[in-house]
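*Asks:* Copying in the features that TrEMBL gives for the protein in this structure:
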- 20-46: transmembrane segment (TRANSMEM)
- 39-290: domain 'G-protein coupled receptors family 1 profile' (DOMAIN)
- 58-84: transmembrane segment (TRANSMEM)
- 90-117: transmembrane segment (TRANSMEM)
- 138-162: transmembrane segment (TRANSMEM)
- 194-219: transmembrane segment (TRANSMEM)
- 240-263: transmembrane segment (TRANSMEM)
- 269-290: transmembrane segment (TRANSMEM)
């Protein structure tokens, strides 16, 4: 069928051979989603109501929680609708909106993680200047820059796909819409879209990852100058939570990118699992990691319970 499907719909992917287990898979995803929403909402409430947490690091944590809420909410309810009610089709417009939200929110989260790494660098390497450099006003400006950066870099992705005809199979590789997945279904020249998508990811997530690594190299050099191992461990332990959050974000992102670029011969189960991990695991782990590493958050959670 060579008709133009750009105004029609796409078919979301299901796990081959496990269609009968969709209901129980949805129960598991729903539980993860509820855990993510509860944990991130609790972080937002605790930071707002606890004056001792009104500091740049915790404001960045609130930004991270809000992004995780938005990212999971933009995808998981649609996935649950697919698994529970077998609504396998998603309209072209809804697919582009979902794709834009996923990539933009991921870019914003990457920028916030970089800002948190810079916060740790200033706090450890230049502690006397930390309060003067990272003020509340500066933190708010960083949040606005992160939002603008994500929107400006990833708004062209759906715009480049909008005029393309889609005359191949409409079946996606995931239960939601990603740029390369949708782009591969077009029956026109997708080189501009492919080049821009790769460039945007390298200039945002790739550059952020390099700068985060550089900040931790400088932090490690500063920590190693301390006299005793006890002092070194005490100072570096303030970075453990952020390192875990960075790994929880970048490892699924890199894994999903590798699957898309080089995993054409992999079973269909692999991209579906990797996609769900990328969407849900960071949103679930982030509040748990910071809750386990921050005594003020632990105390407030116990008080709420």
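From the backbone N, Cα and C atoms, a Cβ is placed for every residue, glycine too.
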*Asks:* Can you tell me which recorded stretch out of 20-46, 58-84, 90-117, 138-162, 269-290 has the most Cβ pairs within less than 8 Å of the transmembrane segment (240-263)?
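*Replies:* If we count Cβ pairs closer than 8 Å to the transmembrane segment (240-263), 269-290 scores highest.
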*Asks:* Under 8 angstroms for C-beta pairs, at least 3 of them, ignoring pairs fewer than 6 apart in sequence. Is the transmembrane segment (58-84) in contact with the transmembrane segment (138-162) by that rule?
*Replies:* yes
*Asks:* The transmembrane segment (138-162) and the transmembrane segment (20-46): do they have three or more Cβ pairs under 8 Å, with pairs 6 or more apart in sequence?
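*Replies:* Contact absent: fewer than 3 Cβ pairs fall under 8 Å.
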*Asks:* Please give the sequence-distant neighbours of the transmembrane segment (269-290): residues at least 6 beyond its ends with Cβ less than 8 Å from one of its Cβ atoms.
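*Replies:* Same-chain residues near the transmembrane segment (269-290) but 6 or more away: 13, 15-16, 29, 32-33, 35-36, 39-40, 42-43, 61, 64-65, 68-69, 71-72, 75-76, 79, 102, 109, 173-176, 178, 241, 244-245, 248-249, 252-253, 255-256, 259-260, 263, 297.
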